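These notes are about the structure you will find just below.
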Amino acid sequence: MEPLLRGEGSGGRRDHARGIFRRSDAITYGSNYEKAAALVDLAEDGVGLPEQILDSSSFQSSSRYYFIFIKCNIMWSLAYFALIVLNFLERPLWCENYTKPSCSDREYFFLGQLPYLTNAECLIYEGLTVVVLIIHTFFPISYEGSRIYWRNAINLLKVFCLLVLIADMLVYAIYLSPAAFDFLPFRVAPYIRVILFILNIRELRETITILSGMVGTYLNVLALGLLFLLFASWVAYVMFEDTIQGKTVFTSYGATLYQIFVLFTTSNNPDVWVPAYKASRWYCLYFIIFVLLGVYFVTNLVLAVVYDSFKSELVKQVFEMDRMRRAMLEKAFNLLDTHSTGYLNKDQCIRLFEELNKYRTLPKITKEEFELIFDELDDSRDVKLNKDEFADICHAIALKFQKEDSISYFEYLPFYNSPTSKHLKEFVKRPIFGYLVSFLLVLNLVAVIIETTLL
């Protein structure tokens, strides 16, 4: 493992001479500083190779397959987007029961007039998409290995959903054939497509993970709110039993529970308490106390508990991401610490920063600015950085130097830098341009007033 990562042969000198700017080339062929810069860039992205791969002897081949995989991210994203779009282009099974009006009639069906595909077109569309999904689902085995891949619960869930989707597609194909059964109650494919989409989008998957961790707390506060409604409904049913309110609105405990729920949601609540209020003004005390306790105490309590649970789940998720990032940074630190001294000096860090400028779209930073950053984050003031300080420096770089905005497409056009364009841009920046716009707006207002007055 060590010779593969730290050794530099003639091939490394040739690559250094031609310049290395891609992360995949750096990890596979580059010098220690270029490899470390690529690993730091991976840590800054928040994604990377599994932690178990970092210390394995197959790190080079795994990294090569991994970067092939991420280069196809656009194709994977388009495939999952096409899978979701199919839900809107596929004619529902219940449409076969309607000949008149047709499912394409917008006056009767909300999604009418969509360009529905035929049954054969849907099968071809879904079949091609599923082929891409199969490649995307099983490709990680090439760089993770089967042992790590099958231990991941997310991968198992993806494979299970993919198998269900394939089975549903085969059943649907048999259903469309002339010699098969002529009744199919429903398809699970539209729901499986959404689940696969969520499982393969990291942000959505992390959100679902947070929400699933909040289920217990949410059920507890939901039970609290339900208990409050049950108790308030019982009090109202007993209190107004022999009044006009009880005879017209709170006729039974079930009706009282429903009306109290309407009052709790403040949805058209005057209809609930107006009969009692007309009979006696004192009855309004119950409704005022209920609204104060329900709307301003119970709902705020529910919001506070749910938000606190959300924060705790988010902290767990961030901790796991930081752990993965620290593993990447520790690997980069070990690459640079060739003598196993446990620290990096200033020159080593500055060389790493210079390599980072090749891999990230950071503003150009001078060596003096790097030294200032180094001095500021050198907590021990010993002109060297240990692993903890190194991790802090990488985190500070990710926060301090945001990636530059991409160049506007207009700047690529020839007329953008022409003298006429420059004069126009200078004119727009002047205060007189704002005055001119204000004058035109006032003139437009006067024209509208005159036009409406004459009419």
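Using N, Cα and C of the backbone, Cβ positions are placed for all residues, glycine too.
Taken from TrEMBL, the feature domain 'EF-hand' covers 324-359 (among others).
What TrEMBL lists as domain 'EF-hand' is 365-400 (among others).
Marked as transmembrane segment by TrEMBL: 65-89 (among others).
Annotation source TrEMBL lists transmembrane segment at 123-143 (among others). Within the same chain, residues 49, 53, 61-66, 69, 72, 75-76, 79-80, 82-83, 86, 89, 117, 149, 155, 158-159, 162, 165-166, 169, 172-173, 176, 189, 196, 200 sit at least 6 positions outside the transmembrane segment (123-143) and bring their C-beta atoms closer than 8 Å to a C-beta of that stretch.
Under the heading transmembrane segment, TrEMBL lists 155-177 (among others). Using a Cβ-Cβ cut-off under 8 Å and counting only residues 6 or more beyond its ends in the same chain, the transmembrane segment (155-177) has close neighbours at 119-120, 123, 126-127, 130, 133-134, 137-138, 140, 149, 184, 187-189, 192-193, 195-196, 199-200.
TrEMBL lists 221-240 (among others) with the feature transmembrane segment.
Within the chain carrying the transmembrane segment (285-307), a Cβ under 8 angstroms from the stretch's Cβ atoms is held by residues 214, 217-218, 220-221, 224-225, 228, 232, 235-236, 239, 260, 263-264, 266, 269, 272-273, 276-277, all 6 or more beyond its ends. Marked as transmembrane segment by TrEMBL: 285-307 (among others).
Feature annotation from TrEMBL assigns transmembrane segment to 432-450 (among others).
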Mean per-residue pLDDT computed across the domain 'EF-hand' (324-359): 81
Residue counts (helix, strand, coil, in that order) that DSSP gives for the domain 'EF-hand' (324-359): 27 helix, 2 strand, 7 coil
